[in-house]
Structure formats: C-alpha cells, structure tokens
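See below for the structure under consideration.
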Amino acid sequence: MKYAAALTAVAALAARAAAVGVSGTPVGFASSATGGGDATPVYPTTTDELVSYLGDDEARVIVLSKTFDFTDTEGTTTTTGCAPWGTASGCQLAINKDDWCTNYEPDAPTTTVTYNTAGELGITVNSNKSLIGEGTSGVIKGRGLRMVSGVSNIIIQNIAVTDINPEYVWGGDAITLDEADLVWIDHVTTARIGRQHYVLGTDADSRVSITNNYINGESDYSATCDGHHYWNVYLDGSSDKVTFSGNYLYKTSGRAPKVQDNTYLHIYNNYWENNSGHAFEIGSGGYVLAEGNYFSNVDTVLETDTFEGALFSSDSASSTCESYIGRSCVANVNGGDLTGTSTTVLSNLSGDTLPSADAASTSPASNAGQGNL
C-alpha cells in the first residue's frame, strides 16, 4: 500500500510538472522570448527561495502557487519625507529618496514617514526565467520585480504584484526594467503600488512586450488625492521598443503612459476606464503609434500642454499606414486629442513586423490580468 501511494504521489507530481508552462506565445517586439524554456518547473515555498530562484544563473521555470509576502522581511524605515499634495487622508506622501523632496518639492511641508524597507527595491530577475502563477494563487506582495543590467529572455505570466508601500511615492515599483532585452509580461495584475506599476529606465530596453495586464489604479492613497493612482507606466528608455497591447488601465490619473527619450511604442487594443486626469504624456523622444484603443470616462486622453514627441493616431481608420507597415491603421474610440499624423513614427517602425490591431473594444476589462489566460 505504501509503495502504491508513493507511486501515486510521484505520478501526481509528474502530471503537475507536465501541465505547467507558459500559455500562448509572445507578440510584438519580444516575440522571440522563451524564458526558462523547457526547464523542469520549481515551486518555491519561502520568500528566500523565490529570491534565490529568480536571481541565480540557471534557466528556470518558476511556478508560484501561493502568496509570497515580503512586507515585513526587512523591517521598517522611519525618516523625514514630505507632503507635496497635502496631508489629507487620501493623499500620498513622499519618501525623500535621493533628496527628491529637497530638490523638487522644497516648499512642501515635511512629515515623518514609516515604510516597509523591502518594497524600495524589487527582486532581481536574472536571464532565462519564466515566472508563472497557478490559477489566481501566485502573488508577490510588498515587493516588485527588477530586470536590469543586461538581463535577457524573461517571461512573467499570470501573477499578481501588490501592496508595495501604497501610501508613499518612492515606496517601490511593481515592474522595473533598465537595460533588459526580450522581456514578455503577460496577464499580470498590479495593484496598490507606491510608485510606478511599470517603469522602463534610462538604459535601453530593446525588445519588450507588455500584454493583457490589469493595471489597477484604485487605491486609498493617491498623488491626486482622489483614489486614482497617478504613477502607472513610465517609458523613459534609450532605444527602447515596446509593444503594449490588450491591457486594462483602471482608475488612473496620470502617466498612463508617459513616453519619452527615444522610446518607440506600439500601443493598441487597450482599454482605459475611469481616469480622472490624463492618460498619454508624450515627451521629447517619444514615438507613439496608437491604434484600436478604447477610452471610457477618461478626463484627458492626451496631455497636450507638454506634448513634445511624435504621434501617429486617428479616430478614423487610416490608410496612410499602408505604405509604411503594409496595412491600414485601426481607429481609436473616444480618443479626444489623441490624434497625430507623424509619418516619422511609421517610417521608423517600417522595418519591424508589427502585430495587427483589432477594432477597439472594452474586452480587456474581462480578459486582462491574472487568472484570465
């Protein structure tokens, strides 16, 4: 009987391992990402084990089947911060990271801030990793993920990253890339984040696809003091190429996205709902092709006062795209001022194989994020 039970247990583990893997294939600029490939799946059980698997030099398929709570793993830090947006209960405060309060908000009242130290810096993710969640069970709480300094070939799918010092700007980012290549982030939910849900830093992030994710900006704390998160998607790279597709951006108030500094963004078939401020902020060096997107109850789709980049976008289907990318571009819905006719954007993307956009819809609201593979 014991022998039979052991065989049954082994068979169950083998079946579980065989069933685990990346679902679907990446689209867009990171279409050739393979992550950990066919490596035998590993199932971390502690935060230390998860950090070790993500940061080592082995090709790995890492499966999350529980919540990994980093909130108290490094204790708390108490220091002097500032209150740039006031001290009302719904307003975020700011940590004085790198003298940010001192240099950029010198007139803001100072205040004492106490935050969870672990959240400040994300977990290092090394090359050739697939990080996959089981069902809706795979959650990283209190700390984000960080892909930097030349890492490549990473897939993150079907997990949630939540609760990173949401009271405090500079409390931590959910997903950080800086000098990373071939990164596919798919069906990830991010919620209650102190700073950016996604940030691509000033070094080149060559081929990145951010698809079918749920950026949940609903929070008790906000820089706009209204329960809508301001810091959402910041693309600040050098020679970056980013595909942003099928994502659901809910209750945001700014930087959704902010694009600048030689970043090429193909942003299509996303859904914005209940944005109390602006969605797009396009600075110098931001090149954006926006098509097939749907906007519902968005106060300002494009921040026109600070616009310095290049945009191709239209509220009606455009055949101008034909001669550059081999097909017509697809109209946005309720795009407001998100109109641009820069053929520089199209010309610079003409050598790339761009996925086709579908007609704009609200489907990401039910299809994006963890648990919706």
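Using N, Cα and C of the backbone, Cβ positions are placed for all residues, glycine too.
Summarising the annotation, Swiss-Prot assigns disulfide bond to Cys82-Cys101 (among others) and lists similarity to another entry as the type of evidence. Sequence-distant contacts (6 or more apart, same chain, Cβ under 8 Å) of Cys101 (disulfide bond) comprise Gly81, Cys82, Pro84, Ala94, Ala108, Thr110.
For Cys91-Cys225 (among others), the entry in Swiss-Prot reads disulfide bond. According to DSSP, Cys91 (disulfide bond) is assigned to a strand segment. The local packing around Cys91 (disulfide bond), expressed as other Cβ atoms within 10 Å of its Cβ over all shown chains, amounts to 17.
The DSSP secondary structure for Asn128 (N-linked glycosylation site) is coil. For Asn128 (N-linked glycosylation site), the number of other Cβ atoms no farther than 10 Å from its own Cβ, over all displayed protein chains, is 21. The annotation N-linked glycosylation site is assigned in Swiss-Prot to Asn128 (among others) on the grounds of sequence analysis.
In the three-state DSSP scheme, Arg255 (active site) is classed as coil. Using a 10 Å Cβ-Cβ cutoff, Arg255 (active site) registers 25 neighbours. Swiss-Prot lists Arg255 with the feature active site.
Counting every protein chain shown, 17 other Cβ atoms lie within 10 Å of the Cβ of Asn274 (N-linked glycosylation site). According to Swiss-Prot, the N-linked glycosylation site annotation covers Asn274 (among others), on the basis of sequence analysis.
DSSP assigns Cys329 (disulfide bond) to a strand in the three-state reduction. Around Cys329 (disulfide bond), the same-chain residues at least 6 positions away in sequence with a Cβ under 8 Å from its Cβ are Leu289, Glu291, Phe312, Ser314, Ala317, Ser318, Thr320, Cys321, Ala357. Residues or ranges marked as disulfide bond by Swiss-Prot: Cys321-Cys329 (among others).
The N-linked glycosylation site annotation in Swiss-Prot covers Asn348 (among others) and is backed by sequence analysis. Sequence-distant contacts of Asn348 (N-linked glycosylation site), defined by Cβ-Cβ distance under 8 angstroms and a gap of at least six in the same chain, are Tyr264, Tyr287.
The region 'Disordered' annotation in Swiss-Prot covers 354-373.
Look at Swiss-Prot and you will find 354-366 tagged as compositional bias 'Low complexity'. Helix, strand and coil counts from DSSP across the compositional bias 'Low complexity' (354-366) read 3 helix, 0 strand, 10 coil.
Within 10 Å of its Cβ, the residue among the disulfide-bonded residues Cys82, Cys225, Cys321 with the fewest other Cβ atoms is Cys225. Of all the recorded positions in the list Cys91, Cys225, Arg255, Asn274, the shortest Cα-Cα distance to Asn128 (N-linked glycosylation site) is found for Arg255. Within the same chain, residues 23-24, 27-28, 133, 135-136, 138, 157-160, 187-189, 212-214, 216, 243, 245-248, 250, 266, 268-271, 273, 289, 291-294, 296, 325, 327, 329-333 sit at least 6 positions outside the region 'Disordered' (354-373) and bring their C-beta atoms closer than 8 Å to a C-beta of that stretch. Straight-line distance linking the Cα atoms of Arg255 (active site) and Cys91 (disulfide bond), rounded to a whole number, equals 17 Å.
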